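Quick look at what TrEMBL lists:
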TRANSMEM  101-122  transmembrane segment
TRANSMEM  192-213  transmembrane segment
TRANSMEM  225-244  transmembrane segment
TRANSMEM  334-355  transmembrane segment
TRANSMEM  375-392  transmembrane segment
TRANSMEM  412-433  transmembrane segment
TRANSMEM  453-474  transmembrane segment
TRANSMEM  495-520  transmembrane segment
TRANSMEM  540-564  transmembrane segment
């Protein structure tokens, strides 16, 4: 009987996941790759919707709203920056109040409302300025206040919606695998690779088919299709509801961290005992019954240990358990890593701004009457990433794993570092390519007229392809790192870190572009960035980015030297490595083959 009871307990998940009514869930009925299939398919359509708007946005702003190069590029990066910063709010609501599922659904409705309004804004003649054929946007009639209010109001409504969907959808997917089950934990190791692989199919469709429709058929259909795609994605997600596992909201992570910091400051004169067993901690049963880890005290950021020194007061703002203190430490320890990813994110912002503007100056003719849309080059970032992720996951990891004994092949931080090296190379290549483009333009007198340079748009391919390869290392590892290293009760906040870095990168891009444009125009100079790119000096700008990446990489090396991995995660990976070795990696291969 005891054996049957133990077997019955094993049928339930051990990580605290429940159904929507709060009941424990059977492992065989919910979660796993079955539940993840709905989430992954959702993301394919959602990425098609988002990139269907963002990929070609700079072209709409310059050609339809008649904005200049710097202003349109900054409007794009400011909006994209907002899109990637709002997930902090979405993560807070999910972790503290509504849970990931309901936060996601409410945000999806806002997202769809913004997309619908945006489609209306590009379709109704009265909501956009008259058509203008002049190549210089300064000579065209600008959009009025109402037109700008409707268009940007729709964009930023959309941004609020994505704030609730982005940090929660990938976390919902990762929650479908039980950390306490070796088999499911093995599956989880490949989840983020295949997650990125799957969602970029939607991106590829947006960067090829949708941008072609926008440039050659019309913006109404070009924005209407991604809006319909988003509606479809929400329906697909809802269809998977019976199969999802859910984690209950555990309270505001910001409040938890604030309590630790305040308690430590209020007891700053208190001496921390040498024996960590003398510190305040909850009973182990308090954690296990909630499917959580209890974390042992560590010497890092020792000042915060004062928060769990026992005194006369038991107020939560004066006394915190060791686990709560260690969770706070882990979130704080990730901040330097977060900062180190800002500069690479600034490089990514160039894909849909200056890289695309370069493409508009080149010969886009391919065959017959077909002209490739400049924004379609972003599709090569996607293709490059898809290929690189597959090679990395199916070849590189298997080869390196035999030497390092690390289930991931190399550590997440090492993978991120390789991506940063690629970013240095990308900007060197971009600078050299732009220098050649400017030379040809000057040789043909196009630096004055601003006409089309007699070079194929495909000379820009190397910088796009290298960007995709860099993403396969840095972006995939970044998402997994911030999820993996975040405490169990703060996973949404950890996931939002990986999105915050993209937001910060876009805002930094806006700041640098405006600053460089202004500074280089001083003392009567023409400036590095003008509306006429043939008279600009983007080669200098990209060279500046290459140098900036070099300094950032040095900063990253210093930061990771002192980084301490989350203790229980490091230990669980060591144990998992032994399990995978004993099974000759058959678990991972068989489960991945079922995707």
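Placed from the backbone N, Cα and C atoms, the Cβ positions cover glycine too.
Here the transmembrane segment (225-244) does not lie next to the transmembrane segment (334-355) in space: the count of CB pairs under 8 Å, restricted to residues six or more apart, is fewer than 3. When Cβ-Cβ distances under 8 Å to the transmembrane segment (453-474) are tallied for each of 101-122, 334-355, 495-520, the top count falls to 334-355. When Cβ distances are compared across the two stretches, the transmembrane segment (412-433) makes contact with the transmembrane segment (540-564), since 3 or more pairs at least 6 residues apart fall below 8 angstroms. Listed stretches 101-122, 334-355, 540-564 were compared with the transmembrane segment (495-520); the greatest number of C-beta pairs under 8 angstroms is found for 334-355. Here the transmembrane segment (540-564) does not touch the transmembrane segment (101-122). Their Cβ atoms form fewer than 3 pairs under 8 Å, with each pair 6 or more residues apart.
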